[in-house]
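Annotated features in TrEMBL:
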type: TRANSMEM; residues: A:20-44; note: transmembrane segment
type: TRANSMEM; residues: A:100-121; note: transmembrane segment
type: TRANSMEM; residues: A:133-154; note: transmembrane segment
type: TRANSMEM; residues: A:174-194; note: transmembrane segment
type: TRANSMEM; residues: A:206-223; note: transmembrane segment
type: TRANSMEM; residues: A:268-285; note: transmembrane segment
type: TRANSMEM; residues: A:297-317; note: transmembrane segment
type: TRANSMEM; residues: A:329-351; note: transmembrane segment
Amino acid sequence: MEHAQQLFGNLFGPEWGPALFLVAKNVLLIVAIVLPLMLAVAYLTFAERKIIGYMQLRVGPNRVTFFGIPWLGGWGQPIADAVKAVMKEIIIPSGANKFLFVLAPVLTFAPALAAWAVVPFSPEVVLADINAGLLYILAMTSMGVYGVIIAGWASNSKYAFLGAMRSAAQVVSYELAMGFALVCVLMMSHSLNLGDIVRGQQGSSFINWYLIPLFPMFLVYFISGVAETNRAPFDVAEGESEIVAGFHVEYSGMAFTVFFLAEYSNMILVATLASIIFLGGWLPPLDMAPFTLVPGFIWLLLKISFLLFCFLWFRATFPRYRYDQIMRLGWKVFIPITLVWILLIGVVMQFPPSMRNAFPLSLWFH
Amino acid sequence: MLENYFPILLFIFVGLAVGVVPMAFGWMFGPNRPDSEKLSPYECGFEAFEDARMKFDVRYYLVAILFILFDLEIAFLFPWAVVLNEIGLFGFMAMVIFLGILVVGFIYEWTKGALEWD
């Protein structure tokens, strides 16, 4: 590290050297997050097709392989898909607003990536350890809806327009429930910093995780996450049978792929946040020998993988909701539940210290 | 303190770049043979009847307005929730009154049918 710093100092002088070194170091760290993430996205699509395939008694993709190795059958599929997408024509409809049409996928994708800046992977491993972490994540995930609505508007196609309207209304509705659920978490953690939220769940076992006292909030958060990423069973925004593909019906080739990447990185982000906020992040389920030997990062990865599996499981299991049912669930079920739970947690926090420090409550209220 | 936010700024730029670069690749490697049929908006085989930017249901607009109200409420709740253990009963009761007024509004819009979609 010091050598590199000196090299930059020698190359660019004392004024520009440290600044450029800071930029180079951070860009390297960002790449170290983005590259595995993109790989995870690629193989999440493969996992999705494989898992849903087996759930429907099919095999799923099993042909494309690396170097003709037979037992790797299917593992080359995401790479082949990416190559295919690059070779496809990007069609910009003549009636479209060209600048906005090209801007929309980027606007969907950039916030989905940028939110990863504050995610803590292990106790000390976090790119930007800021105190407003959760606020920043909420801001970034809210930005995604702009891409959707701009795409629907710029396409100048009826299906795209309807899909964008639906999607935007749905996403903002569920964002409310999500925000209220996060308020409950903040009341218990006293901090917006994601690392501090995980440390607040430290204890002897998984009983200390916020999953237990905030179980309804976990469900609200996760289901809202499924709805916010427009995944089945809440995927009316792209309901094939009604509006073909929704807001990205006019997109093709790589422009479509960027939307696709954004959706999947948002899925991983929702699963990661749910693991960090409710499932104790990098903490092992039991704080004793065999479990603590496994690095925290692996625990986080396992929790994320399980929640992602749930995403795919939901898609294979549940029939699609009707649009009015989706809006009813968001506004008339989730928001009242979260409001009541905020009140409940608030009341418990007003208990006298002697009661709060008694056995069950002392596990979670510090 | 502020230098902690610098990686975030960089990350946003990298995110934009990671969005732009694949599209640039697609532009370079993909074919580009437009024709009038290909460039017309998709409408299940029909000619497009009219401009797609048509009138839409007012309920979407209503949802947007309600969203702003409630999102603002969340913005108020966030700092309150972080310091709730320090502001004690007084802070709690203040927010309960605030939430109570909002719940009255929520019940009103519920009974008025602003949340109905059929």
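Cβ atoms are placed via backbone N, Cα and C, with glycine included.
TrEMBL: automatically predicted annotations, no manual curation.
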Whether the transmembrane segment (A:329-351) meets the transmembrane segment (A:133-154): three or more C-beta pairs under 8 angstroms: no
Tertiary contacts of the transmembrane segment (A:100-121) (same chain, 6+ residues out, Cβ under 8 Å): 30, 33-34, 37, 92-93, 127-130, 133, 136-137, 140-141, 143-144, 146-148, 150-151, 153-155, 194-195, 198, 250-251, 255-256, 258-259, 261-262, 265-266, 269, 272-273, 276, 281-282, 297, 300
Sequence-remote partners of the transmembrane segment (A:20-44) [C-beta within less than 8 Å, at least six residues beyond its ends]: 4-5, 8-9, 12, 78-79, 81-82, 113, 116-117, 127, 261, 264-265, 267-268, 308
For the transmembrane segment (A:206-223), distant same-chain residues with Cβ under 8 A (at least six beyond the ends): 177-178, 180-182, 184-185, 188-189, 197, 200, 270, 274, 277-280, 283, 285-286, 307, 310, 329, 334, 337-338, 341, 345, 363-364
Outside the transmembrane segment (A:268-285), six or more residues from its ends: residues with CB under 8 Å to it: 37, 40-41, 44, 112, 115-116, 119-123, 134, 137, 141, 182, 185, 194, 197-198, 201-202, 205-206, 208-211, 214, 217-218, 221-222, 225-226, 228-229, 291-292, 294, 296-297, 299-300, 303-304, 307-308, 311
